[in-house]
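Structure first, commentary second.
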């Protein structure tokens with residue numbers, strides 16, 4: 001079994017002892033999660049285990065990154081199942097703090113990254129990225145990892161963290177890990193458990209719309225509006241699609257593209273399937289899928 | 001001579017080597033400064049040397065914490081003199097980075113602390129505290145001190161840093177150090193060099209107004225308005241006093257006091273003497289001065 005810590009103090013002491021242990025310094029990999037682990041998380045863990053001597057998985061459903069109308073209460077939780085999966089994956093440490101441990105007082109700090117916090121996910125979920133930034137910086141300060149692992153599935157979050165770490169000179173390497181998809185193309189997400197079977201069928205339209213856009217792009221259509229339009233049209237003709245929050249294309253610096261797109265640009269979408277809000281993204285490329 | 005580092009990479013390597021050196025872990029004290037050192041800084045250094053094996057002084061005039069109309073260009077700089085003072089004080093390491101080292105790109109992160117960043121100094125100097133927060137977090141991430149030393153002279157800054165460190169779980173102890181005053185009571189500040197001799201005479205009104213307020217308080221007048229009024233009246237009758245930006249009283253959690261004040265509350269003022277903006281503060285107490 002991985003060693004389970006519930007208190008900030010305890011995991012800090014454990015890390016300090018490792019770092020101070022005589023001989024070679026151990027490298028530490030951190031995989032921050034909100035639990036209810038799936039194969040996407042397992043990829044993060046696998047990569048951390050390849051690159052580090054110690055892998056720490058944090059499991060914490062961070063209330064600060066949920067809006068008042070969002071699914072904080074409903075978000076799936078199952079620590080026992082998560083622990084079993086961590087054991088299976090060979091995780092060394094699980095840090096699963098209580099709210100009281102993480103926020104003994106309501107935090108007063110707000111952290112924004114210009115051009116990231118305020119657009120797309122940030123615009124639809126005000127305060128979300130400040131909550132993400134706060135909890136990730138806390139985890140970095142508590143665990144002091146050499147590397148931290150983030151899925152490309154939450155692409156805007158990844159960009160936010162990369163920029164935070166750069167601007168604040170954090171001594172950590174942020175390692176992105178490619179999105180894991182089910183056989184049918186649905187990007188893995190703990191929120192997929194919300195989907196009823198017929199909703200899940202509609203949710204596949206997201207992945208398929210990417211393939212359509214990708215095909216157009218490879219055929220020479222590099223017009224951002226054409227690609228976005230094709231995606232919107234394809235997705236919206238499916239049942240249970242209640243609303244498309246956005247379909248946008250960004251470049252590697254997260255500038256929103258108008259006009260011509262190019263290889264490496266990324267399509268980002270947020271779609272409501274019934275009462276479930278899904279996000280996904282796709283990197284435009286001339287290569288085969 | 002202290003070891004002088006100009007590059008982030010070099011000071012990071014130095015610290016890493018110290019932390020990894022076999023045997024007992026060395027504790028590191030950081031004294032962040034903008035240089036042009038004076039006896040106030042020397043007190044910070046003295047305290048750091050008492051509490052740590054290694055004392056690092058950073059010297060960096062951080063452009064991000066100056067407004068466009070402020071004295072960034074004019075701010076006094078003298079690295080050689082600073083190095084000599086650091087040697088005299090037994091400082092181990094001076095970290096004096098270039099702008100290129102600190103900000104290879106314009107940072108996009110903004111950091112606010114609710115109730116601190118936006119009032120008093122924060123209201124008169126928009127963006128100031130985000131710049132302070134950014135540079136201090138960078139320095140903490142680069143130097144990884146066990147303790148960091150801040151003067152009470154910049155009281156609001158001290159409160160900001162304390163809150164940042166708490167909310168972000170930074171593994172550092174913030175150590176406040178009492179304001180150092182000249183024999184005549186003027187709080188030491190690198191900006192005092194701007195003052196002409198007759199302006200300096202007027203600047204003493206700030207300290208003397210604190211003594212007046214303190215006397216009223218000890219005599220039983222605990223009305224915030226009375227104390228603030230007495231301070232304003234006393235200061236403003238002096239020549240060269242161009243403007244009083246604010247006179248306020250805050251409690252230990254930095255709430256602005258209206259009505260009754262009590263022991264431990266702090267008077268904060270910002271005053272323009274000619275073209276020089278001075279800040280100072282005073283803790284209300286029943287004890288003798």
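Glycine too: its Cβ is placed from the backbone N, Cα and C atoms.
Not measured: the values here are computed from a predicted model.
Marked as ATP binding site by TrEMBL: A:34-41, A:151-154, A:180, A:188-191. The active site, proton donor annotation in TrEMBL covers A:41. The (R)-pantoate binding site annotation in TrEMBL covers A:65, A:157. Look at TrEMBL and you will find A:65 tagged as beta-alanine binding site.
There are 18 other CB atoms within 10 A of the CB of residue A:152 (ATP binding site), with all protein chains counted. Checking Cα-Cα distances from the residue listed as 'active site, proton donor' against the binding-site residues (A:152, A:157, A:180) with a 10 Å cut-off leaves A:180, in sequence order. In this view, the densest Cβ surroundings among the binding-site residues A:34, A:37, A:180 belong to A:37, judged by other Cβ atoms lying within 10 Å.
Look at residue A:152 (ATP binding site): DSSP puts it in coil.
Look at the Cβ of each of the recorded positions A:40, A:41, A:65, A:157 and count the other Cβ atoms within 10 Å; the largest number goes with A:41. Of all Cβ atoms in the shown protein chains, 19 besides its own fall within 10 Å of the Cβ of residue A:190 (ATP binding site). In this structure the alpha carbons, written CA, of residue A:34 (ATP binding site) and residue A:65 ((R)-pantoate binding site) are 11 Å apart. The separation of residue A:65 ((R)-pantoate binding site) from residue A:152 (ATP binding site), Cα to Cα, is 18 Å. Counting in whole angstrom, residue A:157 ((R)-pantoate binding site) lies 16 from residue A:190 (ATP binding site) by their C-alpha atoms.
Among the binding-site residues listed here, namely A:37, A:40, A:190, A:190 has its C-alpha nearest to that of residue A:65 ((R)-pantoate binding site).
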